[in-house]
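In what follows, a single structure is set out as C-alpha cells and then discussed.
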Amino acid sequence: MNGGHIQLIIGPMFSGKSTELIRRVRRYQIAQYKCVTIKYSNDNRYGTGLWTHDKNNFEALEATKLCDVLESITDFSVIGIDEGQFFPDIVEFCERMANEGKIVIVAALDGTFQRKPFNNILNLIPLSEMVVKLTAVCMKCFKEASFSKRLGEETEIEIIGGNDMYQSVCRKCYIDS
C-alpha cells in the first residue's frame, strides 16, 4: 500500500468543516509533511486564502477546477481541499491523488439548501477511507443541526454566502420554516 488515502469531512454550514480541515492539515505540518491547501476561487467572502466563518485564515491555492493546480502540487504529500462540493472534478482528482500516494482531506457541504446531494461530492464516500459528518447548532431552536437553510428566495444552487444568507437548522425547524 502506498499510504495514500482520502478523508472526507461533510456537514451543513457552520458545522466547523473548514476549521477541522485546517486542524488536520496543521497536524500533518507539525509531523513535517509537505502540505498544500486548495480553496474554491469564487468564494471570496473574506479575501485571499482559506477562511473560516470565525475569521481564521490559512494560506491556500485558488482554483475553480482542481486539474488546474496539478502542476503546482506535485511536491506535496498532503492536499487539503475546502468547499469540495463546488469542484466539478473533485472525485477524479481525489482518487488520482490518493492512488499516487497522497493524503487528501476534503471539507464539503453534503447537501444543498434543498436537502439534495450537493453536486457529486457524495460520490467520494465509497472512495474514502474516513468519512466524518459534523453537525452545527440550529440557529432557531439550538438543537443539533444537520441541514443548511437559505434565507432568500434564490433558486440557484451555487450562491456563496455566510450567516447573512444561510442558517444551520435541525429537521423540525427546516420543515416548519
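Placement of Cβ uses the backbone N, Cα and C atoms for every residue, glycine included.
Here is what Swiss-Prot says about this protein:
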- Gly11, Pro12, Met13, Phe14, Ser15, Gly16, Lys17, Ser18: ATP binding site (BINDING)
- Glu83: active site, proton acceptor (ACT_SITE)
- Phe113, Ile157, Glu158, Ile159, Ile160, Gly161: substrate binding site (BINDING)
- Cys138, Cys141, Cys170, Cys173: Zn(2+) binding site (BINDING)
What are the sequence-distant neighbours of Cys170 (Zn(2+) binding site), meaning same chain, six or more residues apart, C-beta distance under 8 angstroms?
Cys138, Lys140, Cys141, Lys143, Glu144, Ala145, Ser146, Phe147
By CA-CA distance, flag whichever of Glu83, Phe113, Ile157, Cys173 among the recorded positions is nearest to Pro12 (ATP binding site).
Phe113
Whole-number Å distance between the CA of Ile157 (substrate binding site) and the CA of Gly16 (ATP binding site)?
21
Fill in the CA-CA distance, Ser15 (ATP binding site) to Phe113 (substrate binding site), as an integer in Å.
14
Going by DSSP, is Ser18 (ATP binding site) part of a helix, a strand, or coil?
helix
What is the set of residues, excluding Cys138, Cys141, Cys170, Cys173, whose C-beta falls within 8 angstroms of the centroid of the C-beta atoms at the Zn(2+) site?
Met139, Lys140, Phe142, Lys143, Ala145, Val169, Arg171, Lys172, Tyr174
Across all chains shown, how many C-beta atoms besides its own are within 10 angstroms of the C-beta of Ile157 (substrate binding site)?
13
With an 8 Å cut-off on Cβ distance to the Gly11, Pro12, Met13, Phe14, Ser15, Gly16, Lys17, Ser18 Cβ center, who else from the chain surrounds the ATP site?
Leu109, Leu134, Ala136, Ser168
Taking the Cβ of Pro12 (ATP binding site) as centre, how many other Cβ atoms lie within 10 Å?
27
